[in-house]
Amino acid sequence: MGFLEDFQASFESLPALLQRNYGLMRELDKSLQGVQQQNEQRCKQEIEGIRRGIESGNITPNTASLIRFSDEALDEQKHCIRIADEKVALAAQAYDMVDAHIQQLDQYMRKLEELRQERELATGAGAAASNADASTRSGRIAESNRGGRKKSRLAVEPPSIGLELPVDPNEPTYCFCNQVSYGEMVACDNPDCKIEWFHFGCVGLKEQPKGKWYCSNCMGVQRRRKGK
């Protein structure tokens, strides 16, 4: 059983446990009120007897220090204290049960927060990789426009030739295959090349060419210019 299931099972029993404690506390309240009323009545009677004894002269100043409540009255007062202590213990028990469930809930919330942060990190890493790839393509296009071309670049693993890739309408396409940028690519050194960038596999390259490199279209143009 997972943490959430354990917490739910424990939480479902909490109301019944609290109701039991509150019920016992109400019973103790009623019992305490009965004992208190009985003790108050007894003490009043005993105080009244002491007052009459003083008025009649049966109790003198010499014997006044020996006056005390009866053992029954004192026992009733002690019993009231015991009942009050039981009420305090039940209240403390109810508080501890609620506090334990609050701590469990805090622990569950921390676990949820950890899971949320892990998912955000994973999502952020994926977004960062996508942004980095987009930035690489943007930088490549910008460099091409400035004339500062790179011979080759490495992006993701190239798909097999002939695989039809889904093309974003806003994603620029390159090469003779008219596909988006992927894998290693090489730039044609003809500044007027209409295609500019080519996939290694499409032009038969396995490594970066040494020196200047022209695509087959521009190579014919260069030959015609030399022939003139």
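Glycine is treated like the rest: Cβ placed from N, Cα and C.
TrEMBL tags one of the stretches 30-60, 123-153 as region 'Disordered', and that stretch is 123-153. Among the recorded positions MET185, CYS188, CYS218, the ones whose Cα sits within 10 Å of the Cα of HIS199 (Zn(2+) 1 binding site) are MET185. Helix, strand and coil counts from DSSP across the domain 'PHD-type' (172-221) read 9 helix, 10 strand, 31 coil. In terms of Cα spacing, the recorded positions CYS175, CYS177, MET185, ASP189, TRP197 that come within 10 Å of CYS218 (Zn(2+) 2 binding site) are ASP189.
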